[in-house]
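Visitor: Handing you this structure, nothing more for now.
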């Protein structure tokens with residue numbers, strides 16, 4: 001039985017609404033006071049990070065249900081409540097979101113020169129909505145946060161993005177909207193079938209098998225686009241490439257995690273039978289994403305696009321881990337989501353740092369950068385190694401757990417996925433070689449080394465890479481209980497008709513013999 | 001019922017409106033102060049609303065001032081209030097006769113109120129005619145612009161055809177049921193539903209479909225919306241539509257309720273067609289008034305879903321959506337008025353290019369209204385759509401809800417395109433704004449409505465549910 005531990009102090013509300021309050025405050029600051037705007041945004045984001053720390057220190061690792069729970073009536077006619085809480089699956093994302101917001105502000109300090117005020121307002125609002133998504137325990141509230149984030153994100157990419165930003169931004173918006181409106185219908189159907197929108201109650205609910213399949217697909221539309229899974233991934237490279245550095249970091253760091261989080265929070269726990277039935281197709285889609293993403297990386301000439309495609313590949317590992325439906329796989333997937341947020345976020349920051357200096361993202365533009373910016377090269381090296389999954393870095397722990405879990409469940413899937421690891425090493429090392437080694441390209445000869453602000457922005461990421469790589473226990477310990485409970489729930493439904501049976505039945509329904 | 005002055009209580013708001021409208025038209029040539037008419041119009045609207053609230057529960061012959069009527073009258077009067085607020089600059093630039101202009105608006109609203117509260121078909125028909133005739137003239141008020149006359153003519157011709165259908169339907173029903181009272185009709189229909197009844201219902205559907213701009217009876221809408229003076233466009237796109245739905249709701253869910261299974265099947269293809277055609281045609285528009293006209297067609301499609309549901313909940317969703325639509329659509333038209341220097345100018349969507357840089361506040365307002373029209377939380381538009389789709393699913397039409405959300409994704413494109421032009425492109429030339437305090441008040445009120453209903457719709461939802469029958 002899942003129990004709720006009510007909050008003694010509304011920490012979650014504070015974490016969500018502090019950035020909103022900060023954004024409102026920024027509205028009042030005159031446009032010309034740019035220094036004040038940036039300073040204020042940074043202070044707010046730092047404060048938000050500080051108030052999210054109690055989640056780390058006061059989290060009860062042995063508690064099965066949700067913690068820090070707040071529950072208030074909201075729209076009674078719709079049975080929607082203001083209902084917040086975290087468990088081992090969501091808590092780390094909130095901390096990561098708060099951290100990434102701070103780093104995004106640091107990294108945008110000089111690169112954003114136009115409409116500064118609007119930029120930081122958008123950033124803070126995005127941060128609030130993202131954190132809200134991970135805290136919401138009411139489906140309606142969840143959907144509101146999920147969609148509300150589209151507005152500031154749309155503006156961030158569209159206003160401060162690159163030359164093809166208009167195309168990228170509208171693609172991003174329409175893809176994600178299309179996915180999530182189907183989820184909206186799913187949410188409404190769930191409400192009428194189950195009579196509640198409370199996530200903890202719904203997690204105990206057993207819906208009929210066929211309905212589970214349909215609802216799984218409706219939610220899948222939203223989550224697969226967000227993750228993004230192949231073949232609905234095409235918005236991501238465009239959005240990543242055109243977004244300003246902070247936008248890319250948020251996309252990679254948090255936004256695309258929301259899809260995988262959705263699978264864990266909703267698909268597995270609400271539709272366990274459908275999950276069991278559809279796990280194999282999900283594994284296949286994940287493997288395609290892993291290999292396809294990695295191969296696409298090899299063909300890229302743009303730094304950001306390469307990292308964007310590597311995200312497709314890495315997120316393929318995450319969904320692979322989730323749908324392996326084993327303890328190791330799911331824990332590895334959650335850890336890998338954090339890792340990917342840290343590493344890819346850091347890589348995007350790194351690209352932003354040189355882009356600010358050269359205004360070029362072409363890989364061929366660089367060469368021999370290690371000689372020109374040695375400290376930068378060292379940082380980049382660590383993140384490259386983490387991205388490849390070298391032992392001692394966080395990437396290793398995550399990938400290892402995922403492959404282990406997948407191997408336990410489906411050996412063939414693990415074998416295919418492992419090729420992705422090899423391909424990952426190929427494209428990342430090749431990238432490093434082209435950018436940092438060889439003879440120094442004359443046009444980058446005089447580039448200044450990273451300054452203190454930039455180093456400070458990357459340092460927390462570096463620490464996380466090594467910390468999780470060497471001693472992942474504190475992070476994994478958050479998840480054990482929640483993941484164990486979740487998987488027990490999934491596997492307790494026993495055997496279900498497989499996908500072939502489903503297709504046969506579906507065909508039979510459409511074309512009765 | 002024996003006639004006494006006291007029994008007129010139920011129609012006292014309408015009597016008040018007609019007197020006020022007549023007064024304004026009559027003194028038009030005597031009083032030259034524009035602000036006099038403006039203030040009288042605003043106060044008159046507020047007073048009428050207060051009167052409407054006072055008389056809830058009373059009845060006069062075939063007219064009942066029930067909560068349903070009151071809720072919709074609130075929508076009409078809100079639309080009127082906001083439209084009056086956005087009118088002065090435009091009206092003085094176009095050299096309207098203020099008394100005549102506001103008087104016609106009042107007459108139109110009076111007709112709408114009869115449509116919302118009439119309990120027999122004749123009263124509803126009379127209300128519809130009073131509304132339509134006033135609006136034909138209002139559309140033609142911009143007669144210096146050829147488009148205005150064209151729009152008015154088109155609206156008039158097609159509107160007359162719609163009236164003809166309504167009268168045909170009315171006659172058929174009377175012939176079949178021997179009554180024009182809505183509740184009596186329901187009683188008769190519960191015993192018999194045959195093809196002739198369905199024919200009569202179809203006639204009603206066509207006639208009211210014209211008024212709410214349901215595809216394929218929407219042909220007048222883009223031309224009339226484009227040609228009409230912009231404040232009139234704002235008014236008719238919200239209030240006339242709401243009146244159409246008020247009558248549709250009462251006639252179909254009261255009189256024709258026993259035949260619901262039959263007519264809802266008839267209505268479904270129309271609703272789907274309206275949602276998709278409206279949104280797809282909006283994608284290619286470059287004139288903002290035409291774009292909003294097609295989007296208004298699409299919104300009629302969403303609202304029809306609530307009627308298809310045929311439940312109390314569905315009807316309350318229709319009512320709530322109309323109220324929310326008043327805020328967001330008149331707000332959007334308010335921004336259009338703000339940018340129009342003369343009729344026909346400032347309507348091209350490319351005029352909005354870089355608006356955020358030149359005038360951040362109107363651009364922000366427009367952003368808010370457009371996101372609300374798209375249905376993105378936390379705006380009111382989302383609540384409206386959610387509640388509508390919820391009622392449709394509850395009534396067992398899940399597939400229809402899926403189609404509706406798909407249509408609303410198409411809708412996102414034209415709206416986003418304007419946001420894109422405002423925020424993501426550089427301005428090409430200076431755009432000056434029409435200076436008007438009342439316009440800013442209207443925009444602020446609409447924006448507040450959109451945000452507050454979005455965040456806290458609770459009491460409104462409850463009252464819509466309470467007012468529906």
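Keep in mind that glycine also has a Cβ here, set from the backbone N, Cα and C atoms.
Keep in mind that TrEMBL annotations are predicted by a computer and have not been checked by a curator.
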Visitor: Of the residue ranges B:417-436, B:437-456, which one carries the transmembrane segment annotation in TrEMBL?
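Guide: Of B:417-436, B:437-456, TrEMBL gives transmembrane segment for B:437-456.
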Visitor: When you scan the chain for residues with a C-beta under 8 Å from the transmembrane segment (B:98-116), skipping those not six or more beyond its ends, what do you find?
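Guide: Same-chain residues near the transmembrane segment (B:98-116) but 6 or more away: 13-14, 17-18, 20-22, 24-29, 31, 34, 37-38, 40-41, 44, 48, 52, 63, 68-69, 72-73, 76-77, 80, 83-84, 87, 91, 123-124, 126-135, 137-138, 141, 235, 239-240, 242-244, 246-247, 250.
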Visitor: At an 8 Å Cβ cut-off, counting only pairs 6 or more apart in sequence, do the transmembrane segment (B:197-220) and the transmembrane segment (B:317-339) clear the bar of 3 or more pairs?
Guide: no
Visitor: Are there residues at least 6 beyond the ends of the transmembrane segment (B:122-143) whose Cβ is under 8 Å from a Cβ of it, and what are they?
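Guide: Sequence-distant neighbours of the transmembrane segment (B:122-143): 62-63, 94, 96, 101, 104-105, 107-116, 149, 151-152, 155-156, 159, 163, 166-167, 170, 180, 207, 211, 224, 227-229, 232, 235-236, 240, 243, 247, 250-251, 343.
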Visitor: Under 8 Å, at least 3 Cβ pairs, sequence separation 6 or more: does that hold for the transmembrane segment (B:317-339) versus the transmembrane segment (B:68-91)?
Guide: yes
Visitor: Quick one: do the transmembrane segment (B:437-456) and the transmembrane segment (B:6-27) reach 3+ CB pairs under 8 Å, ignoring pairs fewer than 6 apart in sequence?
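Guide: Checked: the transmembrane segment (B:437-456) vs the transmembrane segment (B:6-27), no contact.
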